[in-house]
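**Student:** Here's the feature list from TrEMBL:
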type     : residues : note
DOMAIN   : 5-448    : domain 'Major facilitator superfamily (MFS) profile'
TRANSMEM : 53-73    : transmembrane segment
TRANSMEM : 85-105   : transmembrane segment
TRANSMEM : 111-134  : transmembrane segment
TRANSMEM : 146-164  : transmembrane segment
TRANSMEM : 176-197  : transmembrane segment
TRANSMEM : 262-286  : transmembrane segment
TRANSMEM : 298-320  : transmembrane segment
TRANSMEM : 327-349  : transmembrane segment
TRANSMEM : 355-373  : transmembrane segment
TRANSMEM : 394-418  : transmembrane segment
TRANSMEM : 424-444  : transmembrane segment
Amino acid sequence: LFLAVCAVGIGGTFQYGYNVSIINAPTQHIHRFLNETWASRYHKDLSPDLLTFLWSVIASIFSLGGLCGALVGGSMAIRLGRKGALLMNNVIAILASILMGISFPTGSFELLIAGRFLIGINSGIGLCVQPLYIGEVAPKHLRGSMAMGSSIFLTGGILTGQIIGLRELLGGEAYWPLLLSSSCLPAFAQLVFLPWFPESPRYLLIDRGDELGCARALKRFHGSSEYRREMEDIQRESFALDGEKPRKPWQLFTDRGVRWQLVTVIMMTMGQQLSGINAIYFYATYIFKQAGISAEKIPYVTLGTGGCECLTALTCGLLIDFVGRRCLIIGGYLLMTLWSVVLTFSLTYQELYSWVPYVSMAAIFAFILSFGLGPGGITNTLTAELFVQSSRPAAYMIAGTISWISFFTIGMLFPFIVNGLKQYCFLVFVLECSLVAAFIFLVIPETKNKSFLEIQREFHKLNFGRNA
């Protein structure tokens with residue numbers, strides 16, 4: 001089971017974290033490449049406004065690709081299987097790496113844009129299909145810890161990208177095309193290791209009707225003595241679904257039986273993206289400078305933020321099946337509310353005392369730790385747990401779409417929010433985090449150690465009234 005999580009993670013959410021992270025290091029080198037390409041092609045200088053526009057397209061086209069990937073990921077998981085969809089997804093990653101790698105020698109920034117779009121599609125599919133596979137192969141007493149594998153590999157991807165992007169490694173001017181094309185390595189690794197593992201047993205039995213294949217897969221995952229209990233659980237779910245085909249996303253919006261599950265997933269996904277974590281990274285460089293850290297050393301301090309996220313994802317993975325989902329996610333949002341208040345005060349009085357910038361630095365790391373301990377990992381875990389087999393791929397398509405739209409929106413609007421509100425922008429996140437915490441407290445039941453059918457029955461009371 002552990003090796004299966006590693007095999008799906010390396011080409012799944014790792015790719016997302018890695019490709020979000022590596023684009024930051026070569027910013028100046030790509031600017032120079034755009035200027036030189038434009039000058040040699042059109043014999044005139046690239047205007048600053050057009051340079052900003054082209055760079056914005058290169059950076060944000062990734063989000064558009066992610067949105068497209070989220071829209072097709074669920075359908076791929078149904079048609080090709082969870083494992084088949086992940087394997088096919090690596091072809092997209094390898095093609096994207098080739099395009100980004102040859103953009104510099106061919107003098108074509110259009111190939112760079114196309115490569116970033118394709119790697120975005122790869123990330124969108126991975127974020128959709130990987131949690132599906134892990135959620136379906138995990139026994140219920142380990143489901144939380146295994147589902148945290150998605151978050152651990154995502155934060156591991158961010159940290160790896162920060163390390164590889166250092167100027168001593170591939171962040172130098174001569175190596176940036178290699179840096180951007182290095183995402184083919186996780187893709188090759190998954191193509192080598194994932195074929196050794198079985199398809200999702202739930203997919204085999206419920207979607208394909210392959211009882212023998214399901215039993216064989218369960219024996220591989222759970223051992224020949226333990227697999228029967230899991231087999232019975234899958235058979236109960238299959239019987240309850242009574243041959244219901246996988247559903248389309250729009251069908252979930254019209255079904256009263258999943259109304260509150262859907263509202264919950266939308267609220268949690270938007271809450272995760274709009275929680276202020278992007279604002280923290282946006283402000284981090286400024287705060288580190290104010291604390292007296294030289295510009296050359298800031299990339300190394302930034303490694304600490306990536307390390308923080310990775311550490312808390314691992315910690316959350318160890319705690320989730322003992323403490324429960326509700327406690328961790330509500331606690332995470334409440335702590336983020338507290339650190340947003342602290343940051344607002346410390347940024348307001350930054351110039352007053354010499355020690356205040358260090359309070360800001362501590363608040364940044366505390367905010368990241370709080371995010372990783374709760375919303376960062378548990379949001380994806382709960383999306384898998386709130387739906388039965390026929391609705392789960394569609395739910396992930398909806399969650400992925402909401403996530404990528406929110407990610408794109410905050411990326412476009414956040415600079416304007418910062419310019420308008422300055423340090424008081426964190427008050428927006430104080431309100432948002434506290435509202436999401438209140439919603440989770442009032443609506444979401446604890447899902448620890450419950451089967452998918454038991455969780456569905458809990459929501460049945462919400463969807464149809466207490467007496468239903």
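For all residues, glycine too, the Cβ spot is worked out from N, Cα and C.
Unlike curated entries, TrEMBL annotations are predicted automatically.
I would like each feature placed in context: is it buried or exposed, what are its neighbours, and how far apart are things?
**Tutor:** Counting only same-chain residues 6+ beyond the ends of the transmembrane segment (53-73), those with a CB under 8 A from a CB of the stretch are 16, 19-20, 23, 27, 30-31, 34, 46, 85, 109, 112-113, 116-129, 393, 396-397, 399-401, 403-405, 407-408, 411-412.
Sequence-remote contacts of a segment are chain residues at least 6 beyond its ends whose Cβ falls under 8 Å from one of its Cβ atoms, and for the transmembrane segment (85-105) they are 8, 11-12, 15, 33, 73, 76-77, 79, 111-112, 114-119, 121-122, 125-126, 129-130, 133, 176-178, 180-184, 186-188, 190-191, 194-195.
When Cβ-Cβ distances below 8 Å are used as the criterion, the transmembrane segment (111-134) is approached by residues 4-5, 8-9, 11-13, 15-16, 19, 23, 30, 57-59, 61-74, 76-77, 82-83, 85-86, 89-90, 92-93, 95-103, 146-147, 149-150, 180-181, 183, 187, 200, 380-381, 383-384, 392-393, 396-397, 400, 403-404 of the same chain, each at least six residues removed from its ends.
Panel annotation: around the transmembrane segment (146-164), residues 1, 5-6, 8-10, 12-22, 127, 130-131, 134-135, 137-138, 170-171, 179, 182, 299, 302-303, 306-307, 309-310, 312-314, 316-317, 320, 372, 376-377, 380-381, 384-385 of the same chain, lying at least six beyond its termini, place a Cβ under 8 Å from a Cβ of the stretch.
Remote same-chain residues near the transmembrane segment (176-197) are listed as 3-4, 6-8, 10-12, 14-15, 18-19, 22-23, 25-26, 29-30, 83, 86-87, 90, 93-94, 96-98, 100-105, 112, 115, 119, 122, 164-165, 170, 220 (criterion: CB distance under 8 Å, separation of at least six residues from the stretch ends).
Beyond the ends of the transmembrane segment (327-349), by six or more residues, the same chain brings 268, 271, 275-276, 283, 287, 316, 319-320, 356-357, 359-360, 363-364, 366-367, 370-371, 373-376, 378-379, 382, 422-424, 426-427, 429-430, 433-434, 436-437, 440-441 to within a C-beta distance below 8 angstroms of the stretch.
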**Student:** Where does the mean pLDDT land for the domain 'Major facilitator superfamily (MFS) profile' (5-448)?
**Tutor:** 86
